[in-house]
Amino acid sequence: MELSLSFQILMLLLPHFIMALGSRNPALTTMAAADQLSLDYYARTCQNSEAIVDRKIKHWVSKDYTLAASLIRLHFHDCAVRGCDGSILLNHWGSERRANASETLRGFEVIDDIKAEVEKKCPKTVSCADILTAAARDATVKIGGPFWGNKYGRKDGRTSLAKEAELVPAGHENVTYLIEFFQCRGLSLLDLVVLSGSHTVGRCTCDAIQQRLYSFNGTGRPDPSIDARYLNFLRRKCQWATEVVELDATTPTTFDSMYYKNLEKKMGLLSTDQWLYSDSRTSPIVKALATQQMLFYQQFAVSMVNLANSQVLTGNEGEIRTNCNFVNP
């Protein structure tokens, strides 16, 4: 049964792969740069870098498990703008980090802590982009998710613009926008649905879902795609816009495939989540992943590698920041 569903997903996506081959594909540029990354990039220059990241993540997540989801999200926001170049970490006026869309991002202090330790052991060697990539992987593992091997060698970007961060999906875009957003970054329809599964953990502010609860699309009525009992729960939970609510109402602290099962029950918190189940282009993948947690784990690892290798800077294209918050003087 598992093999047949995996084959079904492959056949579903085959037309998209064929179309990509016949058009100008941004993934080609991504692949060319990613080819310069390697699993043993720091083997001689900073062989303990991954161990340092792992130890620090264990420390921080043990104090606050919600940081795990925050670090995964921080990594996505970094890769979603200009590729995985650490640009989300730059902290200056007009940067991605200062954008309205980035107000709820967390985990910056974790990356700063890791960077400080790495700099002590291996000065001017390990990029902030690579640290964030490793941190997202280790954070996933710490809350029960899969492990995957990361390739390293990314350089840190010198440009970070708030207006570009505003283009990152915020939870209300339609599926067509999501598909095009991912494709422009060399990511597939499958990557979109699988990476959305990271919403099996994490929280969002009630302000982001107020429209769904009370006046969907200006109708004065709630979003009809929300389960009635779940709607009542959310209305009780979100009496104030500043309150936070779990993205996965069933198993909020565990990295599992319950996110997809929730969508089948009309319990997707964000509009973008629930629409993945109702849209004919993405619903077959949602249904397959809902029934096979191991398939989700396996593909999540693959899709996170695809994300981390998206539009990276290598060679002389960037720098190795000594402080992740600022470009080098």
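Placed from the backbone N, Cα and C atoms, the Cβ positions cover glycine too.
Remember, TrEMBL labels are computer predictions, not curated facts.
Here Cys206 is paired by TrEMBL through a disulfide bond, and of Cys122, Cys128, Cys238 its partner is Cys238. Looking at the candidates Cys128, Cys184, Cys204, TrEMBL gives Cys128 as the cysteine bonded to Cys324 by a disulfide. Looking at Cys122, Cys184, Cys204, the record from TrEMBL puts Cys46 in a disulfide bond with Cys122. Checked against Cys238 (disulfide bond), the disulfide-bonded residues Cys79, Cys122, Cys128 differ in C-alpha distance, with Cys79 being the nearest.
There are 21 other Cβ atoms within 10 Å of the Cβ belonging to Arg73 (site 'Transition state stabilizer').
Same-chain residues at least 6 positions away in sequence with a Cβ under 8 Å from that of Cys84 (disulfide bond) are, in sequence order, His75, Asp78, Ala129, Leu132, Thr133, Arg154, Leu307, Ala308, Asn309, Ser310, Gln311, Val312.
Taking the Cα atom of each, Arg73 (site 'Transition state stabilizer') and Cys128 (disulfide bond) are about 16 angstrom apart.
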